[in-house]
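For reference, the structure discussed in these notes is given below.
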Amino acid sequence: MPVVGFTGVSKSYGEVRALADLSLELHPGETVALLGPNGAGKSTALDLLLGLKNADRGAVRVFGRTPEQAIAEGRVGAMLQSGGLMEEVTVRELVGLACDLHPRAYPVDQVLAAAGITDIGARMVDKLSGGQEQRVRFALATAGANDLIVLDEPTVGMDVSARQAFWATMRGQVEEGRTVLFATHYLEEADAIADRVLVLHQGRLIADGTAAEIKARAGARRITFDLEGTVDEAALRALPHVVGLEVTGPTVRIRSDDADATTYAVYGLGLYPRNLEVAGLGLEQAFLAITDAATAAGASAAGAADDEAGKR
Amino acid sequence: MNTLVRLEIVRTLRNRKFMFFSVLYPGMLFLLITAGTDKSKKLDGANLTYVAYYMVAMAALGAMTAVLMGNAERIAREREKGWVRQLRLTALPGRGYVTAKIASAATVSLPSIVIVLVLGAAVKGVRLDAWQWAAILLCTWAGSMVFAALGVAIGYVATADVARPISMLCYFAMAALGGLWAPFTAYPDWLQTLAGYTPGRAYAALGQAVEFGDAPHGKDVGVLVCYLALFAGTAAWLYRKDTRKA
């Protein structure tokens, strides 16, 4: 049974379509990153998954039940981006509340230690720094033996060392066999931590695979060189395995899914590339390449539809 | 769930400013409104002094203000900050949240009622039997929970900006119809009949029945129980159904 199942899920806010016909499954033990530009529908997808919003169409299932049931059974822990905290109480009291409410709770001291907030247990919640607040939210999300942990941009507002410490804690959760789903803006996090990456764009799932697969799909490598004289763009674009071409002055940048073959073909054209560099594409560039392509495809589809309408 | 109830009470007690004004307001209002009244002047056709009538009315009014306004505004603010969203990701049932909020409101209303009664006895010379004091305190306190539940419901439909005006509106309508501002006996018959089914009137009538030496009327208790179920049920439903981005 999948941990999470979305089947044909759509959600709109008035005219704005946040999710369009989204279908996906998460499996036990996976660490999944949810990527997408702002407004791609990440937060909406997580809200639906947690039962904080209802889908207009389609079904959302968590461990085969409704999100509300799964949460009531204590199988899901979640850390929200905008999750406010109860004020006028101490950190320890608040975490104690989360433990008390969890059907399969851990001892309070253990939860505080795991989140690295034992030393600020006596502090009032209203007096915490941004990073400390995030750790308290994390403690609330891990107060009991959840099978699924959902994190919405968990490391926003943390400095680099806090971020590393956070993911070290998170890896501990993964090693215990939990399924982790996190939305993030930091692509290096997705690259380093997730064993599966989902890319949302304008409410649609446009890529689903390992970070390596996503990079390969975007054109795995970038070839950069300078040419003398006029650059024949058409000829370069026609080279084998080229998936992207960019020319600025004498500098040519090619994205290729087989850099060896493309480079060989460049010489085959009789060109003499100078300052030749072949580099792997980061997930960040891959992500931009995929979303740009999706935007272009969406625009041309819309353009075609407009043409159709114009003819009638 | 008990931890939540305890925490809600603790944090209300820690909020000194809120406690101070909510607890003292009814007592001050009582002293103000009876400032120029002759202590021995009686209501028309009844063996009860104006001062005693206002003491019970102000205790009720004060408790109602504290729990209604306090709850509505604080909850609307908590929703806006996202705490309620976080709480909805726990196994807490809707009734747990409403219970905790009513309990914390009751923490505020009890001392506010006691202060009005103490002022009535010590400063204004109100004399009642011992059982009447106890019964008035108990009825006024228990009845205030109806309005605490209404406060939770309002906190759920309103944003922080409009929670106060909305609860004010409810409060004035209920207080006026309940005869908490002016002696109810002065109202025309049709209005008395109509008002009899509003929560404000039923609430005020509890304490007044005791003042006149009776037990609280079954009809008033019934009306209040119905409103409590209605308000608390609506609040619990709204807590679980709140699908807006809080």
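Each Cβ is built from the backbone N, Cα and C atoms, and glycine gets one as well.
The feature domain 'ABC-2 type transporter transmembrane' is assigned by TrEMBL to B:44-233.
For B:18-36 (among others), the entry in TrEMBL reads transmembrane segment.
Within its own chain, the transmembrane segment (B:48-69) is flanked in space by residues 22-23, 25-27, 29-30, 33-34, 37-42, 102, 105-106, 108-109, 112-113, 116-117, 119-120, 124-126, 128, 136, 140-141, 143-145, 147-148, 150-151, 154, 164, 167-168, 170-171, 174-175, 178-181, 183, 200, 203-204, 207-208, 210-212, which lie at least six positions past its ends and keep a Cβ under 8 Å from the stretch. Per TrEMBL, transmembrane segment is recorded for B:48-69 (among others).
As annotated by TrEMBL, transmembrane segment applies to B:102-123 (among others).
Sequence annotations record features per position, and here TrEMBL assigns transmembrane segment to B:135-157 (among others).
Below 8 angstroms of C-beta separation, residues 43-46, 50, 53, 57-58, 60-61, 64-65, 68-69, 147, 150, 154, 194-195, 198-204, 208 of the same chain, each at least six residues beyond the ends of the transmembrane segment (B:169-187), sit close to that stretch. Taken from TrEMBL, the feature transmembrane segment applies to B:169-187 (among others).
What TrEMBL lists as transmembrane segment is B:221-239 (among others).
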(Q) Can you tell me which parts of the same chain pack against the transmembrane segment (B:135-157), counting only residues 6+ beyond its ends and a CB-CB cutoff under 8 A? (A) 56, 59-60, 63-64, 66-76, 78-79, 97-98, 101-102, 105-106, 109-110, 113-114, 117, 128, 163, 166-167, 170, 174, 199, 202-203, 206-207, 210-211, 215-216, 224, 227-228, 231-232, 234-235, 238-239, 242
